[in-house]
Each structure stands twice: as structure tokens, then as C-alpha cells.
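Chemist: Pulled from Swiss-Prot, these are the listed features:
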| type | residues | note |
| --- | --- | --- |
| DOMAIN | 16-94 | domain 'GIY-YIG' |
| DOMAIN | 204-239 | domain 'UVR' |
Amino acid sequence: MNPPFDSASFLKTVTHQPGVYRMYNADAVVIYVGKAKDLQKRLSSYFRKKVDSEKTRALVSNIAKIDVTVTHTETEALILEHNYIKQYLPKYNVLLRDDKSYPYILISGHKHPRLSMHRGAKKRKGEYFGPYPDSGAVRETLHLLQKIFPVRQCEDTVYSNRTRPCLMYQIGRCAGPCVSSIISDEEYAELVGFVRLFLQGKDQQVLKQLIEKMEVASQQLRFEDAAKFRDQIQAIRRVQEQQYVSEDSMDDMDVLGFAQENGIACIHILMIRQGKVLGSRSHFPKIPQNTSQQEVFDSFLTQYYLSHNEARTIPSRIILNQELADDLEPIQKALSEVAGRKVHFHTSPTGARGRYLKLSNTNALTAITTKINHKMTINQRFKALRETLGMESIMRMECFDISHTMGESTIASCVVFNNEGPVKQEYRRYNITGITGGDDYAAMGQALERRYSKQLDVEKIPDIIFIDGGKGQLNRAHEIIAQYWGDWPKRPIMIGIAKGVTRKPGLETLITVDGEEFNLPSDAPALHLIQHIRDESHNHAIAGHRAKRGKTRRTSALEGIEGVGPKRRQALLKYMGGLQELKRASVEEIAKVPGISHSLAEIIFQALKQ
């Protein structure tokens, strides 16, 4: 047994300067990371005789060692604390689980700019607008812009190899800058300028210019042009009716609503950019028991904004609840430093800002209610499945499925559920190779070999393994897994899910490795859980298969041609703008591709015609 932590001796060595501390347990695992303006004062508070917080008492009872890092300023300590939390994911810290990047709309720096969605680092030349709360909001905006201002959205490789306009031009969704006779550079630049103003929220400026153009065109008897401008004006006005525009300034704002109930905390962020509400997103940080609202919110603020190190993701203004604004100066300084400009916090908003905050708080509470109801449904389904199978507990389930088209591009999927539902970060796909096309038994065997042949952590061993298939698939799966579970502390139950004759949901037959077959009522919660994990596995496999099949079909026609390796294949597809364009090309056109001789062009031409 390890001796108790000697806090008295330790505290004698601690400075009064700002810094970060890391607390370790007996296994040398970091269990908590904190920051302090005065390290001595903050660390002493953990070891007082009377500590009210249950969480703090539990934390202190597990401390075996504390490391301290002194910093120059409190702001520096805040940033270092965030980096340590991200590195160690300590048990007693509030952890923000949603660390996805936010999408932007990009107007590229091309001569004829392209409009597209962008995620990740902003390395490409061009102008970025956003962030948007999700890809759906970006796609909706791009679709809308395509109808009002038909700026091209095709890839540069496709654009550069076109000699005539594509279908998007024919249906009025692209101005056709790839063909110089259709639209001049000046006209296209004007179109891009309208898009830029629209994305900046300057709708009135766009309307004013379009109205002027419509009137001029009408006076000059260019009625077709006047009608086009009229349609654009009407479309923008319809958008304005649907999109609430803030009366507030044109500053970017995030409005942070907060709610915490039944051990669940939610921060609902309403994103406002250039006066327009782009959308919102709810975040549910992982919180230890008995964590105060203030600690949850402070931890979220730091992790959320410092995780997105691109300055444009930090708005000029952040609106939040007064009761959660304990000590904002360090985080305000840190965010201003990262953003390279002043970031303002507003804690007692009135007018439009106050209404936004009230709306965000309501949405946060609604999101918690929805999550609790969903959790109750999942819990009920797990309980029903436990009772159906006579199991004491179910902590983890995995399900496998195979997808292919007539044996082509076979993909296996594995999805994972715990008692909160799908664990999507643990979903896996397996690219199946070296088997006879269409041999599902061999495909399943290969996937299971790759999944279970390596050493598994105890918590990663499933309680149930579902196989989407009948007796044959299940028996093959059992043969494979039985080779590896000898050293496992528990053996999973294996169940096959066979579709009914009509393949309708609710008519599934469940099969055990003993050969027992049984059905559940179509309204049984246990069956709904099985259908859920089966459908997740099926969809995950199909998505992977379609992507692989598409890639194979784009390149396979070139792979068998002697003298055409990966570099030449890439050059051909890039120069021509795709496989279909290459198939339509003449020998002379193919010979223009860098690195392709006339004789090789003839070989390629003949091979593609077969």
C-alpha cells in the first residue's frame, strides 16, 4: 500500500507565483490539471481540514504526487492548462468531447474563383466566411448562392479541362467561366463580388446595386437582363424574410446559453456573423460528479476557444450569463492574444443581445431534456435486451456487416455501442482483399481476424457480438473468434441477425451459436436496439463500399495498361478532368498530356475503347 501524500512538506516548496499544477494517482496517471494566480494559495485550499466539495475530497484521496509549472502570467497559465488537459484527459477535469473543426465557405484565389466548403487549416489562398455550425448549413448556403449568383463550384481540375459548358450551366446554376465566349472576366468578377457582399451580410448594398442595374437595363430595352436582375432581387428578399438579421452591429458574436441538470451540462452556442444568425450547436462536456456550474463553464470556455487556434473562429464579442462571469479577465486576455485583436465579453446584455441569450439558454435546457429522454430510451432498450438474453450487464456491443456489389470492392464494418448508444469514434472499416469475389464467409473471417487477433484492453472486450447474417455467417464468425478468446476474462455472446423472407424490419430471426432461433415482437425495445446497431453497421459498410467502388471505377480502366503507372494515371486524369473526359478524347488530345508520347497515346486510346 502506498503511503498517503505528504501535503505539508509539499506545500513548503510551492511558490506564490502563477502557474499550472498536475496531480497524479498511485499509478502515475494524471487525474487533475489546474491553474492558479497564486500556486501556494490555490494548492493549500485542497488540503484544508474542512472541504465542502465531494469532488475535491475524492480527488485529494487519490493524490500521490503533484507537479508544478511556474508561468510568467495568469494568461500563460490558462493556455498551458488547456494544453495539459488536452494531452492527459484527466479523470477529474471537465472534458469537452466535441473537438470537431467547423466548416467555412471559401471563395478561392483563382482567376475565376470557385465557391466551396472548407474544413481544417486555412492554407489555401482565398477568402473564408464562417464558421458555420455544421456542413448542412454550408451546403444550404451554397445551394442558395448557386441559384442567385451562379459562381462555379466545380473542382479546378474539371474547370481547366472543359471546352464547352457543363450541365450546371444548362440549368442556370453556373455562369460558365470555363468558356470565355459565355461570360467576360469583368462580368464574372462582378458576380463573385455580389457573393462576397452577400456572405459579409451586406444584403442592402447588393440589393441597391442590383436595382440600379435593373433600371439601367430596362431603360436600355435590355429586358432579358432586367428580368434576370429582378429575379435575383426577389430571391434575396425571400432569403431576408427567412433569415433573421440582427439589428445589432456587424460584429461577429457567439451567444453562450447554459443549463445543467441531472449530471448533464449543455452549452448551446448561437453563432452570429456579420449580423446574421448562421445556426447553433449544443455541446455536452464530460463532467465529473458534483462539479459546480462555474467550473464546468470556465473549463468549456478555455477548451472550446483555445482548441480552435485559427483566429477567425474567435468572435469579437461573446455573450454569456452574468452568474457565470466569475473571473473573465484571464480568458479574455488569452483569447485576445490568440485572436490578435480585442475580444469583448458581455454579461448583462439588453435588447437584441438579451433576446439571443434568452433563446440560447432555452435551447440549452431543451437539449438536456432531449438528451435525458434519449438516454432513458437507450437505458430501457439495454434493460430489455439484458432481460431477453438473461445477462447481468451489457457494457459494450459490436456488430459486423459486409458490403459489396457482385463481389466488387468488398468492405467490412464494425460498429460499437455502449450503454449511451453509438460510440462513433470507435467505428471501423476493413478493406477486404485476397478473397474470391462474393465470398461473404471469407470476408467476415478476415474482418474478425483483424479485429480480435491483437491484444484487447479488458474494457474493449464486447459483451455481445452481432453478425449481420444467418447460421453460416455466425458459425464462421464463432470459429474465428474462438481462437482468440482463451485469454479473455469474459466470453461474449454471439448472435446472428437473419433477415426475414420479405426483409422487412420487425421480421428478423435471431440465431445463437447453439443453433437456437427466436423472434422478438416488432414493438419490443430489445429488438429496436438490435435493429439500431444492425442498421448502423449496414450503413457504415455501404458508405465505405460506395467510396471504394467509386474510386476503383475511376481508375481501374487505366491500371491494366502497360506503360501507364500511378504518376501517368494521375497526370492523365488531372489534365483531362476525369476518366469520362479521357475516354472521349482523341489520340492527339491524349498525346498533349505531359509525359505521354504519341505511341503510348494510341495504346491508351485503344485500351479505353475496348
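We count from 1, first residue shown onward.
Just so it is clear, glycine is given a Cβ too, placed from its N, Cα and C backbone atoms.
Describe the structural context of each listed feature in the structure shown, including burial, neighbouring residues and relevant distances.
Modeler: In the domain 'GIY-YIG' (16-94), helix, strand and coil residues by DSSP number 31 helix, 19 strand, 29 coil.
With a threshold of 8 Å between CB atoms, the same-chain residues lying at least 6 positions outside the domain 'UVR' (204-239) that come near it are 144, 147-149, 194, 197-198.
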Chemist: Under the DSSP assignment, what numbers of helix, strand and coil residues are found in the domain 'UVR' (204-239)?
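Modeler: Residue counts in helix, strand and coil order: 33 helix, 0 strand, 3 coil.
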